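Marked as active site, nucleophile by TrEMBL: CYS2. Residues or ranges marked as active site, for Fru-6P isomerization activity by TrEMBL: LYS616. Sequence annotations record features per position, and here TrEMBL assigns domain 'Glutamine amidotransferase type-2' to 2-230. According to TrEMBL, the domain 'SIS' annotation covers 298-437, 470-611.
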Amino acid sequence: MCGIVGYIGSRDIISVLLVALERLEYRGYDSCGIAVKKEDGIFVKKTAGRLHKLKEILNSSPLFLEKEGETLIGIGHTRWATHGKVSDENAHPFLDCEKNLAIVHNGIIENFQELKNRLLKNGHQFESETDTEVIVHLLEEKIKEKKERLEEKEFLKILLELLKELKGSFALALISKKFDFLIGIKKGSPLLCGVGKKEGMIASDILALVGICKKVYALEDGEIVFLKKDEVIFYNEEGKAIEKESVKLDLKIKEVSKGRYRHFMRKEIFEQPKILKENCEKRLFDNEILLGEGFHFYPDDIKNISNIVIQACGTSYHAGLIGRDYFERIVEIPTTVEIASELLSRPFLFNNNALMIAISQSGETADTLMALREAKARKIKNLAILNVKRSSMDREAENVVFINAGPEIGVASTKAYTAQIFSLFILALYFAKIKGKLDDEKINNYLENIRKIPEKVKKALLLDRLIKKVAKKYYNASHFVFLGRGINYPSALEGALKLKEISYIHAAGYPAGEMKHGPISVISEETPVICICVKDSTYEKMIANIMEAKARGGKIIAIGYENDERLKEIADELFSIPETIEFLTPIVVAIPLQLFAYHIAVLRGCDVDKPRHLAKSVTVL
């Protein structure tokens, strides 16, 4: 879950590395550092804390003086701690004993303790508690064992030996005092290589490459890249040079910057009408649904599906719960939803006609990816719903539907969530049409309603000022309860998750019907209770649950449809959203939930984009 980057070229290398690390901070931000190779050695600066602290250190104590036009090689790292506490000593990059090598690493080395014990016996001295430092000392040891002049071919052989000896999932960026090129190695964790004009980069995420690289290559497991100023060479795990296909990098700098917004999260909340509108334009033509070039199922494949298992983590799991409603109620296919990490701990009791749907914004979520791989190994049909192209799941899933949400940098997912719900809905409609569950008239009615959603979301965003005003009343509360029923029970879970992950307030989401089975005991006059109460099949029961919470002194913050006088009368606060069909309410309901969490967090002085202890892309198990 760390972010790694490397650069070779003649730009201001410190600025390049720092900008790239800013774009990777969502992957972890408890420590950071950079290393740059010059003629007289490898220079390192690193610190516990966020990137602004490293910038302050570099401003007060520059790494070195750059010469204009000089080609330099450097690496950088932003950390989410796995092995070893947060400290200066445990920050990356790491050097070997002789200070001839520097390395940054994302992932976990499972056999690091065994390797470390061996290296300590051989006289290596360690400065940290991390698994990463073992790699650079092991590489140093292997170079010493060769006892010969180190040339490029021999160095490649040593790297291949290193790759075989390290157990775990990792991506490495490495610089050597001996060689004038940047080295990248991939096994399990994501790594991209980008090429520009007489310059290049390697990084954990494509966001780091924007503005410098024109084309991008995705490394596969076991591959090594030697990135030179005017050449890039890829090797497979046998050490053979291989050709790789590149793709054009078409992201713009404005897409990865905050622009006029104070936070990425706020920007991404307000981008949702545009993203949903663009998805309607890309995916819906008259009464036809286009699922994109990654979708390869034939009609008979869909007709033969007997049951669906959706697996995901976090916010994507909540989207999956909503998707279950779509597949069961519209397509009439039995559907279960699993938290990926829990699914991995149980037997895979899938029948031959099952379909696994994996949902992940990044396409790199470790548990989701492992469950997908297990399904593939068992020949289970599979489909991934993703945001990031060229990610591991994009390359490995049999079928892919992209949510087209654009870069999501705020750690708390917002626009990806609503785009996932949109994609699950149109996927269910597509399946229903193929299976003969919906006629053209019903399909057209659903499509007409989904086309109206961007405007309804835009209207819901007008609640922003009211929500900020309400947030001022409740931001000091110590506990929130979120209640929903039916298709909006997952909305309650998502609202609670959003609030606790960015404001650090305990919040819990429940099915409102379960309230009397325990949760009602935590409701008092000090408890704000957020109730999702739209006029659907659960409305009357939801009203009854609100009255029960109100009778215990709970402060009722309701989300309901416009002109609902009954709800207005019983709620302490009301966020009125535009009416839509029941299936699509979770998209519109998400807006006040996201804005409420955002304003509470800002009022509490929390770092909205980088909440403590969290990383956006969870790439370790």
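Glycine is no exception: its Cβ is also placed from the backbone N, Cα and C atoms.
Here the domain 'SIS' (470-611) has a mean pLDDT of 95 out of 100.
Applying an 8 A CB threshold to same-chain residues 6+ apart, the list for the residue listed as 'active site, nucleophile' reads ARG27, GLY28, HIS77, THR78, ARG79, TRP80, HIS92, VAL104, HIS105, ASN106, GLY107, SER204. Each residue of the domain 'SIS' (470-611) gets a DSSP state, and the totals for helix, strand and coil are 74 helix, 29 strand, 39 coil. Secondary structure counts, DSSP: the domain 'SIS' (298-437) has 62 helix, 28 strand, 50 coil.
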